[in-house]
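Participant: Structure below; questions to follow.
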Amino acid sequence: MTDSDPSRPARPAGPPPPTPAAAAELFGSRLAAAERFTALLATAGVERGLIGPRETGRLWERHVLNCGVLAEVVPEGADAVDVGSGAGLPGIPLALARPDVRVVLLEPMERRCRFLQEVVAAVGLEEQVSVLRGRAPDAGIGPEGRRFGVAVARAVAPLERLGAILLPMLQPGGVMLAMRGSRILEELQDARGSLGNQGWHPVDVVVCGEGRVDEPTRVLRAVRSSQLSRAEGRKGRGDGERHDGRQVRRTARDSRRSREVDRDQPTRGQSRST
């Protein structure tokens, strides 16, 4: 999705679509909050260019339910990050469907972040969902900062690139859940070798929402290995070799100095002659 040009008139917003029966099953006691979110997508989301006007009639099926069924494969009590959240998809439907999962909505664009903050407040998710402006990995995220148990992404980047982006954001054993389209198996075939080299294992495709929604969601699921990826291993070995080389040179230099000092020092039990 792209933001609208501020110099252009606001896009006309339409009424939110009727609530399907599947929404009540998926969101349960939070159905009213899911309806508020969908209404915001249909109005402010369209006006701000986060949702295309033609999408309003299928917001539930193509966006809200499509993202909410991701809850089927998220581990219990997970700490999750939604990378490139945009209009809050899939992070907000995931949070609504799974009250036990804490979600960070990571988004680089300021005006999208403002929209997300408004939505989080409007649907009553302040205690469960936070908004972070930035790119991945960013401050507080990545090698030197916070790591998550789950990273979710919806049509953010090609799989090979997405794997490289998300790997440092996850704990060892953490799970990448990438929502993809109908070509997901072809994409995986092309990217499987690269994902394995990066440190993802196992990697598979799961289908969420079968029997619950009209269009089930296809998700690439990959686990960050507790072992170093090949790239990380090469980097580590290279650093070690450079370090060892410096250490060898330093040790040899210190040894020569030590021998020179020893020639001038008396042996133990003897005094220096004058």
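Glycine residues also receive a Cβ, built from the backbone N, Cα and C atoms like all the rest.
Below are the features listed in TrEMBL for this protein:
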BINDING   Gly84, Leu89, Arg154  S-adenosyl-L-methionine binding site
COMPBIAS  231-266  compositional bias 'Basic and acidic residues'
REGION    1-20  region 'Disordered'
REGION    224-274  region 'Disordered'
Participant: Report the member of Leu89, Arg154 (the binding-site residues) whose C-beta atom has the most other C-beta atoms within 10 angstroms.
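Facilitator: The largest 10 Å Cβ neighbour count belongs to Leu89.
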Participant: Let me check the 10 A CB neighbour count of Gly84 (S-adenosyl-L-methionine binding site). How many other CB atoms are there?
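Facilitator: So the Cβ neighbour count for Gly84 (S-adenosyl-L-methionine binding site) comes to 23.
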Participant: Give the sequence-ordered set of same-chain residues, not counting Gly84, Leu89, Arg154, with Cβ within 8 Å of the centre of the Cβ atoms defining the S-adenosyl-L-methionine site.
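Facilitator: Residues close to the S-adenosyl-L-methionine site, other than Gly84, Leu89, Arg154: Cys67, Asp82, Val83, Ser85, Gly86, Ala87, Pro90, Gly91, Val152, Ala153, Ala155, Val156, Met179.
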